[in-house]
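Structure record follows, encoded as structure tokens.
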Amino acid sequence: MSAADLIQRLDIDLVSALDETERRQVLQACDRLKAKLETPMDTTARLVFSSHQAMAVRLGIDMKLFDAMAKASKLAEEPFNVQDWCEETGSDPLLVRRITRFLAAMGVIQEIDGDSYTQTPLAAAYVSSSPLSAAVIHSTHFLTVLSRLPEYFHVNGWKSPGDGLDGPFQFALGADGHYFDFLSTHPYYSQAFNTVMGMSFRRRGRDWFEVFPVEERLRVSSSSDPLIVDVGGGQGEDLKKFQEHFSDLPGKLVLQDLPAVIEGVKDLSGIEVQSHDFFQKQPVQDAKVYFLRTVLHDWPDKQAIQILGNLRDAMSRESILLISEIMQPESGVPLPSVLSDMQMMGSFASLERTQAQWQTLLKAAGFELVQVWLSDRSPISQAEQPALLEARVSESTI
């Protein structure tokens, strides 16, 4: 087959006929094809300039270029030109031309001529109200930390950071306190972070209650007994979904998070909302389940042991600790998982843990790992979907 024939076949639009599993398989095949076609120079250029592309999109978001284009597209089908952008955003014409040229070269917008462009579905995804624009803001802010990692390790020694209050983030920004303390005083980044935390991609795979035997294991004596305490549960998405599936199951559902997180919580009928800092004593004693989803990967062992210790002290012999986290395999770790691990190291001085590392952490906090629950029905690999760790207070601790 000639190169021209191969290109023609690859250009055929088959996406609409693919289910999610097939789509991911084709994407992976494209990655393998690219790896075979790229020279070391090609690969290096792609790697070193990827941050430039992310920043071009970030500038387009901050300059409201995508908002202006979306607004104009609702009023007319005509191309949007540089002068229109300048009038709409108050930006300098030369700067707008440079940014729009970059975005067009990336395929984010479509160039009609030197100064005129039309919107694409991707451009529409970056308007200010879109969660994808929040993802760009959140991730490009992290580039500040990434750029100073070499200096951080030169100064602090080449060892993995282990203190959430004194790590790469604090070094790069000269910040005091934890990353979350920084967010509390920077609403622009806080809003982006909270939006990203609620995005569907962070809930890959099946819900925890679809792999755990809820009906068999989660029973309490009366409706006044605490059934599940969702610690650091954000806006309560997990408890709402649980409640929808198990509306007849007796017991109280309790959502806990910091005041700034839960103050805007709505539509949580039947769920008790508590303001709580998980570094303080756990106010709900003897609950059947204490649930943590993607909480502990934000904290290195030093602080994670403190969080777990407060839960351990509140638990009875019948209490269950459930932790929903991405679990890194010991080998063959996929790219999304190591990207997340790098993010954890930079922002939180933390890590994405393997099963052995989870066992070590739980033992240090006075728990024993009972079982790891995994979904066997998902379009994504086991390494990219959450594992559910079931643990109990160890007998030697009680």
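Glycine residues also receive a Cβ, built from the backbone N, Cα and C atoms like all the rest.
Some features that TrEMBL has for this protein:
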ACT_SITE  His297  active site, proton acceptor
DOMAIN    47-129  domain 'O-methyltransferase dimerisation'
DOMAIN    226-368  domain 'O-methyltransferase C-terminal'
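On its own chain, His297 (active site, proton acceptor) has Glu325, Ile326, Ser340, Met344, Phe348, Ser350, Leu351, Glu352, Arg353 as residues at least 6 apart in sequence with a Cβ closer than 8 Å to its own Cβ.
Note on the domain 'O-methyltransferase C-terminal' (226-368): DSSP counts are 52 helix, 33 strand, 58 coil. Here the domain 'O-methyltransferase dimerisation' (47-129) has, by DSSP, the following mix of helix, strand and coil residues: 53 helix, 9 strand, 21 coil.
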